[in-house]
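Participant: Among the features that Swiss-Prot reports, disulfide bond is placed at Cys338-Cys371. Taken from Swiss-Prot, the feature N-linked glycosylation site applies to Asn89, Asn131, Asn170, Asn205, Asn295, Asn345. Annotated repeat 'LRR 4' per Swiss-Prot: 181-202, in sequence order. If you look up Swiss-Prot, you'll see 228-248 marked as repeat 'LRR 6'. Per Swiss-Prot, the feature repeat 'LRR 11' maps to 348-371. For 1-18, the entry in Swiss-Prot reads signal peptide.
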Amino acid sequence: MRWANILLVAGLCRASLGQYNEEEDLAWLQYYMRQSRMSSYNYMPYYEDENSPYVYSYVPAPDTEAEPVPEAQQASSWQCPQECDCPPNFSSAMYCDTRNLRYLPFVPTRMKYVYFQNNQITAIQEGAFDNATELEWLALHNNQISSEKMGKRVFAKLKNLERLYMNNNNLTKMPSPLPRSLRELHLSYNQISKVPSNALEGLENLTALYLSHNYIFEMGASLKGLKSLILADLSYNHLRKVPDGLPMALEQLYLEYNYINAIPDDYFKVSPKLLYVRMSHNSLTNQGLSTNTFNSSSILELDLSYNRLQKIPRVSTNLENLYLQGNQINEFSISSFCTVVDVMNYSRLQVLRLDGNEIKRNAMPPDAPLCLRRATVIEI
């Protein structure tokens, strides 16, 4: 107020000397009043009581009257919960990670990227995200969230959600329903035992599915309708059979560390873009494979190490890396790589690992150098 009085006197003095100009001389007063309004706002904590995390709005006491707040200040009053950080230069992001939170703070409407990872959150109540329907990126990994304490339709209204991170929690069931907009789903390191056929229904935009390190023993046909899926990581589970049907767009399939002992005929033919197949540490035998199971022209890398194979399975001449170490292979069959061996017909194989088998170094046939002329590493 002191500076206001000085400025006011200065302005009046100037006017009395006949130097008054309405446009110029009222500008300083308008500026001061604007500054006064802006600086008078008191930044109160979002929550009145930290023990009531789901009381989303502040209600004044009955015997008091809420002081009117300018519109611009009302917008900023819900800008960020006190438990989190909302960078001014990234106004659509809210960082609440690594703060020992036991509950989900309120998510303001405009938020698109929200990070709750590395906390002790155990539950997600129904409607927790109903106010934040613009969310695109939701990080909930490394918490203690259980399926029993999660709302049945907690993600259903998030029509713009593209990435959901829930790995490293205590989930025993697949969260469902999930929004069709989803592109990445991270559910590794949970306790999920089954993926129902309709669990991923309608997720036509899903490109990456991470379900490793669970207790899944059955996948059914849950992958079949995922027409955009590029990567499926189902490693470190309890699968005894491969999923029923693969998506056409699939490029990477990880099934290592399961109990799979057989693969149906032409299983990989339905995925013409498949590049990487990893099935190490399973129970595969030659009896459980057809002659051309892995003879797919698109596959570039095939890992069948640490299984129960006794013979080298037939592979495509386009294959570049083949890992067969730790099996029971006792013969080197060149027909597994080249059906015809001559100058024009040869394998593109660059890396071949056969160490840890029953095969001997002198078992390599004389025409092997011609067939495997591209190989830079052959370990026996």
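The backbone N, Cα and C atoms fix where each Cβ goes, and this holds for glycine too.
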Participant: List, in sequence order, those glycosylation sites among Asn89, Asn131, Asn170, Asn205, Asn295 whose Cα sits within 10 Å of the Cα of Asn345 (N-linked glycosylation site).
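Facilitator: Qualifying among Asn89, Asn131, Asn170, Asn205, Asn295: none.
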Participant: Restricting to the same chain and to residues at least six past its boundaries, which positions have a Cβ under 8 Å from a Cβ of the repeat 'LRR 11' (348-371)?
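Facilitator: Contacts of the repeat 'LRR 11' (348-371) (Cβ under 8 Å, skipping residues fewer than 6 from its ends): 305, 312, 315, 317-332, 334, 337-338, 341-342, 377-380.
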Participant: Just checking, which of Asn89, Asn131, Asn170, Asn205, Asn345 (glycosylation sites) has the fewest C-beta atoms within 10 Å of its C-beta?
Facilitator: Asn89
Participant: CA-CA, which of the recorded positions Asn89, Asn131, Asn170, Asn205, Cys338 lies nearest Asn295 (N-linked glycosylation site)?
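Facilitator: Nearest candidate: Cys338.
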Participant: Between 0 and 100, where does the mean pLDDT of the repeat 'LRR 4' (181-202) sit?
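Facilitator: Within the repeat 'LRR 4' (181-202), the model's average pLDDT equals 96.
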Participant: Only counting partners 6 or more residues apart, tell me which same-chain residues put their Cβ under 8 Å from the Cβ of Cys338 (disulfide bond).
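Facilitator: Long-range Cβ contacts: Thr317, Asn345, Tyr346, Ser347, Cys371.
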Participant: Taking only the Cα atoms, work out how far Asn205 (N-linked glycosylation site) lies from Asn131 (N-linked glycosylation site), in Å, as a whole number.
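Facilitator: Checking the Cα atoms of Asn205 (N-linked glycosylation site) and Asn131 (N-linked glycosylation site) gives a distance of 24 Å.
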Participant: Measure from the CA atom of Asn170 (N-linked glycosylation site) to the CA atom of Asn89 (N-linked glycosylation site) and give the result in Å, rounded to a whole number.
Facilitator: 35
Participant: Please report the distance from the Cα of Asn131 (N-linked glycosylation site) to the Cα of Asn170 (N-linked glycosylation site), rounded to the nearest angstrom.
Facilitator: 25
Participant: Which of the three DSSP states, helix, strand or coil, fits Asn131 (N-linked glycosylation site)?
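Facilitator: Once the DSSP labels are grouped into three classes, Asn131 (N-linked glycosylation site) ends up as coil.
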Participant: By DSSP, how many residues in the repeat 'LRR 6' (228-248) are helix, how many strand, and how many coil?
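Facilitator: Computed counts for the repeat 'LRR 6' (228-248) are 0 helix, 3 strand, 18 coil.
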Participant: Kindly assign Asn295 (N-linked glycosylation site) to one of the three DSSP-derived states: helix, strand or coil.
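Facilitator: The three-state answer is coil.
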